[in-house]
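Straight from TrEMBL, the features:
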- 42-66: transmembrane segment (TRANSMEM)
- 110-132: transmembrane segment (TRANSMEM)
- 139-160: transmembrane segment (TRANSMEM)
- 234-257: transmembrane segment (TRANSMEM)
- 289-315: transmembrane segment (TRANSMEM)
- 321-339: transmembrane segment (TRANSMEM)
- 351-369: transmembrane segment (TRANSMEM)
- 375-396: transmembrane segment (TRANSMEM)
- 417-440: transmembrane segment (TRANSMEM)
- 460-481: transmembrane segment (TRANSMEM)
Amino acid sequence: MARGEGGEQSATTLLSVKAINAESKASTLTVRGKRLTFWNKLCYAVGGAPYQITGSALGFFLQIFLLDVAQLDPFYASIILFVGRAWDAITDPTVGFLVSRSRSTRIGRMMPWILCSAPFAVTTYFLIWFVPPIEQGKVVWYLVFYCLFQSMQTCFHVPYSALTMFISTDQTERDSATAYRMTIEVLGTVLGTAIQGQIVGGTSDCPADLDAAEGRNVSRFTVSTVSLDESKQAYMISTGVICIIYLLCTLVLFLGVKERKESERYRGQLLTFRRGLYMVMSHEPYIKLVIGFLFTSLAFMLLEGNFALFLTYTLGHRKDYQNILLVIMLSGTLTIPLWQWFLTRFGKKKAVYFGITWAVPFMILIVSIKSKLIISYLVSLAAGVSVAAAFLLPWSMLPDVVDDFKVKNPGVHGHEALFYSFFVFFVKFASGVSLGISTLSLKFAGYETGACLQPEAVSLTLKTLVSLVPVVLIFIGLLILKTYPIDEKRRQDNQKLLQEMLDSDTDSESSALGSHV
């Protein structure tokens with residue numbers, strides 16, 4: 001009887017082990033094969049809005065705010081823009097390394113960084129747009145809070161960007177989630193441009209019909225104290241609205257996205273900073289992708305940073321510049337689905353060539369024809385199509401590079417945040433240099449702080465910064481991207497190999513669980 005009971009117990013145990021193995025494998029396959037829902041993708045995408053809302057407000061309006069509202073000398077404004085962007089660039093790989101070394105918590109490895117940094121980012125962002133009642137310390141004020149905000153924003157955005165790799169193991173699902181994200185992020189730039197532009201636009205008391213081409217007596221037209229106070233108040237209101245939206249988007253991300261847990265067996269094999277830097281920088285597809293998009297991103301950043309000044313002082317659209325910026329962003333938002341379809345149908349490299357080159361004729365046209373408001377609107381509407389491509393394509397191609405690295409280095413883990421952070425580092429550092437140089441160029445051209453009219457040299461400088469230089473940068477970037485080696489065939493081959501590796505890991509974990517039981 002005892003033997004029978006023992007045999008029955010042994011058989012029951014064996015069946016239990018098999019059931020557990022089968023359940024474990026089925027569970028893993030279910031998690032792997034589970035498709036992200038519409039709400040998962042939407043909530044994930046909403047988390048990218050704060051970065052773009054604040055980024056578009058800073059990109060389009062910070063330069064003109066520092067020059068015309070805070071009334072800083074262009075030299076000091078250039079220092080703030082350069083040092084702030086350079087500091088931001090330095091913090092990216094640092095935060096990326098810290099994120100890659102952080103331990104997983106109950107809510108994941110990326111999410112704690114996002115949640116903890118958001119309140120500090122909101123506070124420092126608000127203080128950037130506040131004009132302190134001091135004259136001697138204003139430069140230090142803006143420099144300190146601009147750098148602090150960039151640090152907090154990095155602690156938010158680097159883990160958020162790397163979160164792409166932790167919401168699904170399926171490249172198709174990640175591409176779809178990235179398309180959602182890019183749509184919401186471009187919509188975020190629309191929102192940031194609309195909030196900042198519509199609230200602060202039109203607060204100047206400069207005559208709307210000043211002819212930017214006539215002989216310039218810049219001392220004749222200056223902004224009054226009343227108008228300056230109204231501008232300061234308008235910036236405070238718009239900043240308050242953006243801060244509230246920032247916190248709401250963070251909450252939606254946290255409640256709507258579940259970060260996929262990593263296997264614990266990977267935790268002992270994380271990269272050191274030095275080894276991670278070496279391996280990331282020696283991965284050929286990554287280097288070519290980064291350098292290529294470095295040049296194209298610089299082109300659009302130069303355009304973004306100087307376009308408000310160009311519309312105001314060169315084209316004379318002082319009362320309409322915020323609406324023209326809004327048209328560009330709306331056009332970009334509406335064409336995101338088009339580019340997602342294009343890259344799926346024709347491949348990502350072709351989408352890069354066609355999408356980014358599309359802007360070139362309009363960059364040339366805007367400075368070549370006589371200034372007319374309706375033409376400016378039409379050109380901006382058409383150019384916005386390229387803005388969508390510039391937003392979508394780098395972030396859609398970066399996961400392919402990470403997957404390619406995984407295939408070639410299957411024993412290395414914890415590298416995802418490093419890829420994203422170094423990518424952002426190079427773009428931000430170079431953009432800091434370019435914006436600092438462009439603002440300094442305005443000083444050498446004779447930019448007059450607080451004046452309604454600017455010298456002819458300023459107009460010529462602005463034309464160069466929004467047309468000639470960006471066009472040259474775009475062509476250099478596209479030539480480099482032509483050598484980018486990951487085509488559709490290689491991408492699909494990588495996906496098959498990664499799937500085989502994942503299946504192998506699943507079988508190993510199931511066997512280990514059965515042995516343990």
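Any Cβ shown, glycine's included, is placed from N, Cα and C.
By the Cβ criterion (under 8 Å, sequence separation of 6 or more), the transmembrane segment (289-315) is not in contact with the transmembrane segment (234-257), since fewer than 3 such pairs are found. Listed stretches 139-160, 351-369, 375-396, 417-440 were compared with the transmembrane segment (321-339); the greatest number of C-beta pairs under 8 angstroms is found for 375-396. Between the transmembrane segment (417-440) and the transmembrane segment (234-257), the number of CB pairs under 8 angstroms, six or more residues apart, is fewer than three, so the stretches are not in contact. Across 42-66, 139-160, 460-481, stretch 42-66 shows the highest tally of CB pairs under 8 A with the transmembrane segment (234-257).
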